[in-house]
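According to Swiss-Prot, the protein has these features:
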- His450: active site, proton acceptor (ACT_SITE)
- Glu39, Lys40, Asp41, Ala42, Tyr43, Gly44, Gly45, Thr46, Cys47, Lys56, Ala118, Asp318, Ala326: FAD binding site (BINDING)
- Gly186, Gly187, Gly188, Tyr189, Ile190, Glu209, Ala275, Val276, Gly277, Arg278: NAD(+) binding site (BINDING)
- Cys47-Cys52: disulfide bond (DISULFID)
Amino acid sequence: MVVGDISTGTDVAVVGAGPGGYVAAIRAGQLGLDVTLVEKDAYGGTCLNYGCIPSKAMITASGVAHEAGHAEEMGVYADPDVDVAEMVDWKDGVVDQLTGGVEKLCKANGVNLIEGRAEFAGSDKLRVVHGGDGQGSETIEYEHAIVSTGSRPIEVPGFDFGDDPVLDSRQALAMAELPSSMVIVGGGYIGMELSTVFAKLGVDVTVVEMLDGILPQYGDDIARPVRQRAEELGIDFHFGLAADSWTDTDDGIVVTAADEDGEETEFETEKVLVAVGRQPVTDTLNLDAVGLEPNDDGRLETDHEARTDVENVFAIGDVAPGPMLAHKASKEGEVAAEVIAGEPAALDYQAVPAAVFTDPEIGTVGLTEDDAAAQGFDPVVGTFPFNASGRALTTGHDDGFVEVVADEESGFLLGAQIVGPEASELVAELGLAIEMGATLEDVASTIHTHPTLSEATMEAAEHALGHAVHTLNR
């Protein structure tokens, strides 16, 4: 049965309930606006349901299993029995708790929740289609719209996610049974995080990367400890190869990859995970109806208020320019809601942190030394290795370092690069320092608890000033 169209009105229509959209909706509700949030899949979006949260749960669980079986140096001998199905159930429980919380918070802040796929139907209208079997549609008239439809995995020609042995990250994280072997196409952050998970769970992992190294957005000094650790876990790397096809065999599949000269290499495996990046979802929105056109990357250009070229339409998260980061999306959602409500708000990207949950972890914020020099600063750099940290040594994880970058003349902190234990947590202190306009002296003179990993940030600042105590000065 087809249900006729229903028409409703709202101050703010938010399309997509990921970490950008639901935060925007909640903030707008807090500010007294009438808000409608439309989601076609699950509240919390890719991040909470299929990406950030489930991957970190599996990273933690696989890490516990691996640590338990590899602690002989500490006098601990164990052979843990891993039930992957129970591990996945635990991961799903974490996801359910968080997504349920999002839905409750939205309702508590007066947000009207609508399930369906939204597209623009004019300069002030959205059409929402419910379900895919003629369950009807409705029209939402809005004063302002916020586009937060996120991103989806990029498919590689020849590797259709609908084919059984070919996985995207969402499918890989849902496997209740592990394959004996896996080829991972892509050595970026998704490929490296998941290669670590599966290697620690005993899967024979091969990473095929088109470029000449892993984690191409980071320098070799940051990527090197991650690659070394991955190789210790048994991960096999092949660089300069582009995967182009796969074929069935009696024992699994064969993945074929070619170098720039066309010379082919074959890899026998049971599964292949394609993790070459993500692309913004803007092609389903009927943007012509509202007068918007995505840029060459498929994103919507925005200003410092997250506003697009159309005055009453905002874009946040993966569909807006900049790195695809959940916390960036959330902040953009807050700013968009506040601007719509008439509050003074603007975006500032100088101190947006990023993290990669590999082993060891990576945490970065602000400018690198090269970035700082390119922007006209005279950068001074300080570093502190974790193998000189008492706390790092007591955890058994002492790979990596903290590096801080500052302007030599003023002393203002400009950026930080961390690779090592808990880098994702440690980088927050340095992000706050940059946001507040702190100097090297401010960081160095702040007393840090001993023994902690956070002392490394203080020591790195002291090193940049030339008076480090626990490492040699420049």
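A Cβ is built for glycine as well, from the same backbone N, Cα and C atoms used for every other residue.
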Reduced DSSP assignment, Gly188 (NAD(+) binding site): coil
Diameter of the NAD(+) binding set by C-alpha atoms, the set being Gly186, Gly187, Gly188, Tyr189, Ile190, Glu209, Ala275, Val276, Gly277, Arg278, in angstrom: 16
Candidate recorded positions Cys47, Cys52, Ala118, Ala326, His450, pick with smallest Cα gap to Gly188 (NAD(+) binding site): Cys52
Position of peak Cβ density within 10 Å, selected from the binding-site residues Gly45, Gly186, Gly188, Gly277: Gly45
Pairwise CA distance, Cys47 (FAD binding site) versus Gly186 (NAD(+) binding site), rounded so that it is a whole Å: 20
Under 8 Å by Cβ from Ala326 (FAD binding site), counting only residues of that chain that are 6 or more apart: Gly18, Pro19, Gly20, Cys47, Cys52, Gly317
Number of Cβ atoms other than its own within 10 Å, given for Ile190 (NAD(+) binding site): 23
Site diameter for FAD, Å, by largest Cα distance between Glu39, Lys40, Asp41, Ala42, Tyr43, Gly44, Gly45, Thr46, Cys47, Lys56, Ala118, Asp318, Ala326: 30
Neighbourhood of Tyr43 (FAD binding site), C-beta criterion under 8 angstroms, separation at least six: Ala17, Tyr22, Thr99, Val102, Glu103, Cys106, Leu113
Among Glu39, Asp41 [binding-site residues], residue with fewest other Cβ within 10 Å: Asp41
Cβ-based isolation winner (fewest other Cβ atoms within 10 Å) among the recorded positions Cys47, Cys52, Ala118, Ala275: Cys52
Count of other CB atoms lying within 10 Å of the CB belonging to His450 (active site, proton acceptor): 9
Nearest of the recorded positions (Glu39, Gly45, Ala118, His450) to Ala275 (NAD(+) binding site), judged by Cα-Cα distance: Gly45
Per DSSP, three-state class assigned to Ala275 (NAD(+) binding site): coil
Pairwise CA distance, Asp41 (FAD binding site) versus Gly277 (NAD(+) binding site), rounded so that it is a whole Å: 21
Cα-to-Cα gap, Gly45 (FAD binding site) vs Gly277 (NAD(+) binding site), nearest whole Å: 17
